[in-house]
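The structure appears right after this line, and notes come after that.
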Amino acid sequence: MASTASEIIAFMVSISGWVLVSSTLPTDYWKVSTIDGTVITTATYWANLWKACVTDSTGVSNCKDFPSMLALDGYIQACRGLMIAAVSLGFFGSIFALFGMKCTKVGGSDKAKAKIACLAGIVFILSGLCSMTGCSLYANKITTEFFDPLFVEQKYELGAALFIGWAGASLCIIGGVIFCFSISDNNKTPRYAYNGATSVMSSRTKYHGGEDFKTTNPSKQFDKNAYV
């Protein structure tokens with residue numbers, strides 16, 4: 001029962017993390033920078049993995065999609081690959097989890113389901129690590145440019161998508177670890193010492209022995225009386 005409850009908790013945590021990681025891909029604010037006037041914000045610069053935009057004080061945005069993939073910076077290409085890999089691994093991890101959980105009717109025996117659940121945990125951990133690496137790589141680029149005194153272009157700050165990605169990656173890793181530990185709970189089967197058969201047999205043996213003794217005595221007496 002405890003193993004089933006832990007698997008349900010792990011599934012909910014992992015799925016929540018996977019949803020958060022998936023939501024970072026279309027999120028706009030991976031990095032953001034604002035130009036403030038004396039009264040209002042005159043412009044907001046922001047970018048994600050696919051485009052860079054500027055929004056003026058009236059709320060009108062002008063966006064420019066990134067050029068060909070071969071012309072992109074290396075860190076953007078790496079972040080794209082890592083985040084897409086994280087989403088894909090989370091999808092397969094959720095399928096493995098559905099087959100490996102005890103509360104489902106698919107997946108075979110309990111032993112086979114425990115192995116599938118452990119595999120789902122490993123896949124979720126890999127998904128979380130990919131997301132964590134991608135967000136950290138992007139954040140490292142932002143902070144390096146921000147604190148570089150020789151960098152004269154527009155400087156950005158960390159956007160909301162990075163924090164969402166880190167949170168989702170943490171949930172995926174936590175859920176995957178719980179899935180991996182659930183296989184140890186499945187292997188702990190209770191052992192019982194059964195000594196009832198020995199006591200029953202010994203009592204039966206004594207009973208039959210006494211019965212034989214009683215039945216043999218009358219036969220001997222009958223024989224003696226017959227000859228007399």
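Backbone N, Cα and C atoms are what each Cβ position is placed from, and that goes for glycine too.
Membrane topology from Swiss-Prot places Met69 together with Gly159 on one side. Applying DSSP to the topological domain 'Extracellular' (22-80) sorts its residues as follows: 13 helix, 24 strand, 22 coil. Remark: secondary structure over the topological domain 'Cytoplasmic' (102-115) totals 6 helix, 0 strand, 8 coil, with classes taken from DSSP.
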